[in-house]
Amino acid sequence: MDLVPAPSGETPVKTPVVEVEAVDLAEQVNAETVALEEASSDYETDSDDSENWELMSNGDNTIQILRDEQLHDGLVPGACTLEEAIAYRKRLHDIGKAAFVEETIARETVTAKKLCTAFGIVPPAFLEGAPDEAFHPLLAIAISREFSRRPKLPQYNSIDDAVKLLREAKNIIVLTGAGISTSLGIPDFRSKDTGLYSKLAHLGLSDPQEVFDIHVFREDPSIFFSIAKDILPTEKKFSPTHGFIKLLQDKGKLLTNYTQNIDNIEANAGVLPENIVQCHGSFATATCVKCQHKVNGDAIFNEIKEGIIPECTVCRKRIAEEGLKPQGLKRKRSTNGQQKDRKEFEDSSDEDDYEIPTPGVMKPDITFFGEDLPDEFGQRLIHRDRELADLVIVIGTSLKVAPVAEVPGILPRNVPQIYISRTPVSHTGFDIDMLGDCDVVVSELCRRAGWDLQHQMIPVDEKVEVTPVEGYESRHVFKAIGA
Ligand SMILES: [Zn+2]
């Protein structure tokens, strides 16, 4: 296949109908699924779970995912050959989405229907016989999906490869999620079925995520504080996986631990604050919503544990002082002049803000929906870590939530990326997948690396069985024998 490059500034060709940018969103995965639902009215889902990519191949009128083996075998009529598909994918990565669309669809060198197959999507039956334009929305998704995908590095596959990477790496980025804390009994608050959300039904919220919605918090902080004690780390404990991150730090290999977790347990393990970016904030500090006074998280832990809404001491002091001043409370009233009399007849609770000053609520510095993410994330990743990282280890997260989900795509593609979690993810290509209880996986990796990872939750004589997953050269399941 010989695809002609499209130099910039060339005479305009037919405007591409494929709106690549329309799905070029930060939350790529969600965008894909939403767009897929729009593309196929016959397809129904009750989940926004990206893992459904695989499930979509069930049934007759659904969008089917095409594996490379199927392209190789030539079993799909009208599809690209595997060689063609690989050439198209490489071309896309080389020249970018807009130029790629221009030199293919806009120039009509290939149909959208056929091009979909190059990116692993079978033209759905419900579009059979439709004009080629009908395939453009699907192609846009397919292109964006491929473009955001990091190609797997072929040279890393085995556990030995993973151990070698660990031993040789000097600047490791560790991305962590709820999965590294679940062995401590801390609920995965994003998990819809087993996590905290299931505990929230009784709060009568239309969407459990409202607990972490800043607007809801401002209106009624008691909703958040009614569950905060459940997600607050109570003891100074940490899991073997936290211990593993600390071990990487001790060996001078930890560049940054970007964590989605807000439990601040990394600190319990001894990971230094300068080595952690808490992408969604944490309970480590809290800030007054009124005067922005900041305190250490410890200062309000007792109140949180008792279910009390913590109030700002600075605000309280100021109010007390102002209350002592003559006319301290009346000043605002006097400016209201005529309305004053009327108010005295009303039992108007909405006037409380004017009449009785209240101290601000202390909000833990976890990032709520509707709040900006800490800026440290992008600053550090893009201006420092991107250049330095020589290995990425993703542990205990399915990488569906921004911004951590974007890290693998932001880093140079030659940096090896390995994955440790219970379930594989399909939307990001890792070089090595190590599936199982992450505490078991890291303890076995350390054993094989000759590293001493001691933790009371790791049995001294632990034996771990590692089984390859059939059909995947680089996917392995770890299981503690007898567990
Ligand atoms: Zn305050």
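Glycine is no exception: its Cβ is also placed from the backbone N, Cα and C atoms.
Here the domain 'Deacetylase sirtuin-type' (152-452) returns a mean pLDDT of 84 for the predicted model. If you look up TrEMBL, you'll see 152-452 marked as domain 'Deacetylase sirtuin-type'.
Per TrEMBL, the feature active site, proton acceptor maps to His280. The Cβ neighbour count for His280 (active site, proton acceptor), using a 10 Å radius and every protein chain shown, is 21.
Cys315 (Zn(2+) binding site) has a Cβ environment of 20 other Cβ atoms inside 10 Å. Sequence annotations record features per position, and here TrEMBL assigns Zn(2+) binding site to Cys288, Cys291, Cys312, Cys315.
Residues annotated as region 'Disordered' in TrEMBL: 326-359.
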Fewest other C-beta atoms within 10 angstroms, as judged across Cys288, Cys291, Cys312, which are the binding-site residues: Cys291
Shell list (Zn(2+); ref centroid = CB of Cys288, Cys291, Cys312, Cys315; cutoff 8 A): Val289, Lys290, Gln292, His293, Glu311, Thr313, Val314, Arg316, Arg318, Pro359, Gly360, Met362
His280 (active site, proton acceptor) and Cys288 (Zn(2+) binding site), distance between Cα atoms, whole Å: 18
Sequence-ordered recorded positions from His280, Cys288, Cys291, Cys312, Cys315 with Cβ under 6 Å of an atom of ligand 1: Cys288, Cys291, Cys312, Cys315
Euclidean distance between Cα atoms of His280 (active site, proton acceptor) and Cys312 (Zn(2+) binding site), Å: 22
C-alpha spacing of His280 (active site, proton acceptor) relative to Cys315 (Zn(2+) binding site), in angstrom: 26
